[in-house]
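Engineer: Structure provided below as structure tokens; questions to follow.
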Amino acid sequence: MSYEKPPRILIIYHVRGILAVIYFFFAFLMLIVTIGYFAFLFKSIGLNDVYSFLLAFSFSFLSFAFSPVNIVLKEINREALMPSVDVIYVFGIPLYVPRLSYEIRKTLVAINVGGAIVPVIISSILLFFTAELSYYIPLLIVVNTIIVVIVSHHFSKVMPGVGVVMNPLIAPVTSSFVSLILFFNTPLFVPISAYISSVLGTLIGADLLNMRKIIKASPQIVSIGGMGTFDGIFLSGVFSIMIGEFLLALVR
């Protein structure tokens, strides 16, 4: 009996044909928008204009280019009760008899490169530079992240065949308002805190803490961070920067 190992890298596109053209057109517009916001973040931690733009362009492009790429972390085999139909012929007449039987279902647990890995790398860079500026800034960001984790976990739901669903504005709005409160006297760090806590809070609260429920639904693939262009966690981070800047403009 041969055992075929699952592929370690999955490339998944959800749209085809003309829909793919439209989808990637809007994704390209999103790419242009995110470059400006990421450049603002990197300038906030003391990088010059050139390095800020290069990092912003690189990370935005990587998120765009690698959004269909998923790295398989684990394969889970579990028994699942599956419905089936038996056909019995009585005097030539087919009778359909429904029944339930246990089958082995395989679930591949993967992490999305553009939707999870890249935002986490950006958050790590921002945390590193803020820690160099002051020790208390990362502590306040951790507090903000914990709050977003709790809120994200409460409002996220697992839908069979779909995955984790949550209003895309819940995490950004929460992280931005909490950041404004925590960093009211140092408003420069509001967008930074909002981005980091929104990304990590969504990743932990919505995805990781719901992992058991997701796997219990026996999907074929579970992708942390989504499997589409500019998905969940990435968008949550970008929205948090926008909202954070908007709130700053109101209080100044």
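Using the three backbone atoms N, Cα and C, a Cβ is placed for every residue, glycine included.
What TrEMBL shows for this protein is this:
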- 20-41: transmembrane segment (TRANSMEM)
- 53-73: transmembrane segment (TRANSMEM)
- 109-129: transmembrane segment (TRANSMEM)
- 135-152: transmembrane segment (TRANSMEM)
- 164-184: transmembrane segment (TRANSMEM)
- 190-209: transmembrane segment (TRANSMEM)
- 230-251: transmembrane segment (TRANSMEM)
Engineer: Any residues 6+ beyond the ends of the transmembrane segment (190-209) with a Cβ under 8 Å from its own?
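Structural biologist: For the transmembrane segment (190-209), the nonlocal Cβ contacts are 40-41, 44-45, 116, 119-120, 122-123, 126-127, 130, 137, 140-141, 144-153, 156, 164, 166, 171-172, 174-176, 178-180, 182-183, 224-225, 232-234, 236-237, 239-241, 243-245, 247-248.
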Engineer: Should anything in the same chain at least six residues away from the transmembrane segment (53-73) have a Cβ under 8 Å from its Cβ atoms, list it; otherwise answer none.
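Structural biologist: 6-13, 27-28, 30-31, 34-39, 41-42, 47, 108-115, 117-119, 121-122, 125, 221, 223, 226-231, 234.
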Engineer: Same chain only, please: residues at least 6 beyond the ends of the transmembrane segment (20-41) with a C-beta under 8 Å from a C-beta of the stretch. Say none if there are none.
Structural biologist: 13, 49, 52-53, 55-57, 59-61, 63-64, 67, 122, 126, 191-192, 195, 229-230, 238, 241-242, 245
Engineer: Determine which residues of the chain contact the transmembrane segment (109-129) at the Cβ level, with the cut-off under 8 Å and only residues 6 or more beyond its ends counted.
Structural biologist: 10, 38, 41, 45-47, 55, 59, 62-76, 138, 141, 192, 195-196, 199-200, 203, 207, 211, 215, 221-234, 237
